[in-house]
Amino acid sequence: MNRLPSSASALAYSAHALNLIEKRTLDHEEMKALNREVIEYFKEHVNPGFLEYRKSVTAGGDYGAVEWQAGGLNTLVDTQGQEFIDCLGGFGIFNVGHRNPVVVSAVQNQLAKQPLHSQELLDPLRAMLAKTLAALTPGKLKYSFFCNSGTESVEAALKLAKAYQSPRGKFTFIATSGAFHGKSLGALSATAKSTFRKPFMPLLPGFRHVPFGNIEAMRTALSECKKTGDDVAAVILEPIQGEGGVILPPPGYLTAVRKLCDEFGALMILDEVQTGMGRTGKMFACEHENVQPDILCLAKALGGGVMPIGATIATEEVFSVLFDNPFLHTTTFGGNPLACAAALATINVLLEQNLPAQAEQKGDMLLDGFRQLAREYPDLVQEARGKGMLMAIEFVDNEIGYNFASEMFRQRVLVAGTLNNAKTIRIEPPLTLTIEQCEQVIKAARKALAAMRVSVEEA
């Protein structure tokens with residue numbers, strides 16, 4: 001049955017939502033009503049599948065906490081007033097914490113002047129952010145294209161590589177098994193999980209996948225493509241595979257890939273959407289090997305957890321293909337003043353507080369604790385691994401991983417799995433996590449594993 005549009009209903013719903021936005025706290029009845037509403041509207045108007053997913057990581061088979069507000073820099077509070085240490089970090093967006101006051105202040109100050117650009121006049125913050133990124137990023141990276149998300153930054157990188165290499169007769173892209181580069185059509189062609197790919201086949205032609213971390217497989221692919229005339233335009237990869245399960249390549253892998261790209265005349269695209277902005281103990285993960293890509297993709301934490309923003313940064317040689325017609329690839333909201341204000345403030349906080357170094361120190365502490373737990377619970381934990389504040393605990397099977405997420409939820413620590421590896425729980429907290437909170441997380445993990453062992457023994 002067709003439903004007629006109702007302006008009156010839309011007005012009432014929007015007014016109700018605005019009233020909630022104005023509130024700082026909810027009483028008990030308001031909290032219960034909001035929980036019911038959110039569950040109903042997710043089921044009827046967003047996607048009911050999300051409710052089942054949330055059930056897998058919450059206690060007691062409930063539909064889970066309805067997020068209400070940030071607590072401190074490193075915590076979340078639900079509608080019931082329960083505070084959780086955030087070890088998920090919005091899949092890596094909260095590197096400088098929740099509602100970092102420097103970032104919030106920058107956005108508020110810009111909002112008081114001009115929230116969005118006119119599209120005709122030159123907007124100063126876009127220029128200033130591009131200049132800042134040129135100074136911050138490694139090698140000859142110089143020009144920036146701004147967008148709103150990681151998948152958009154990857155799309156821009158792929159189009160830029162095509163525009164540069166097409167006149168040279170190079171059209172093939174090499175990606176890696178286990179990779180995640182986004183879910184729009186181009187980015188999905190580089191992503192390597194069949195669950196996401198199959199419903200949208202056929203994807204873009206010209207993409208090949210080789211095992212991640214296997215430099216001989218990469219060499220063979222580049223060589224075979226050259227022999228068959230399918231010359232490679234670019235190699236795209238993550239320095240550390242995030243959604244693949246926090247998979248670290250062998251030492252020297254990125255350096256070797258860079259040399260192969262130079263040998264075969266292929267561009268090197270590094271997707272640092274998740275590993276960038278200090279996450280791994282360096283501002284960018286490629287800096288661990290002093291590797292300089294031709295194109296670098298950023299997003300997630302670039303906006304400081306306050307505004308969405310992505311960036312595709314390239315060398316002048318590559319980016320110059322857009323000079324004659326800068327409208328070949330654009331986006332209405334990319335590089336808007338609010339997002340640029342957030343990004344500039346985020347970079348300032350990361351550098352002023354030396355958060356990449358803190359990520360290395362606190363990441364080592366957490367990883368040592370998780371590895372000790374892996375030794376204590378070999379029947380449950382297969383491995384703990386990571387770099388900086390990007391870590392993973394891999395369990396012996398998928399179900400144990402789900403149970404661990406639920407047990408950690410009971411301990412008031414928020415974690416979740418990775419999209420391409422169901423056995424793996426990701427640990428990706430804000431870089432501002434305190435030493436005391438690191439200790440709390442390790443204690444919570446120990447309690448969770450102890451409870452899980454009891455459940456297994458009783459089963």
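Counting starts with 1 at the first residue shown.
Every residue, even glycine, has its Cβ placed from backbone N, Cα and C.
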Pyridoxal 5'-phosphate site partner of Gly150, Thr151, Thr332 (as recorded in Swiss-Prot), chosen from Gln82, Gln108, Gln274, Gln382: Gln274
Among Gln274, Thr332, the one of these binding-site residues whose Cβ has the fewest neighbouring Cβ atoms within 10 Å: Thr332
Neighbourhood of Lys300 (N6-(pyridoxal phosphate)lysine), C-beta criterion under 8 angstroms, separation at least six: Gly90, Phe91, Gly92, Ile93, Gly150, Val273, Gln274, Gly276, Met277
Largest inter-residue Cα distance among Gly150, Thr151, Gln274, Thr332 [record-listed pyridoxal 5'-phosphate binders, Å]: 24
Among Gly150, Thr151, which are binding-site residues, the residue with the most C-beta atoms within 10 angstroms of its C-beta: Gly150
For Thr332 (pyridoxal 5'-phosphate binding site): DSSP state (helix, strand, coil): coil
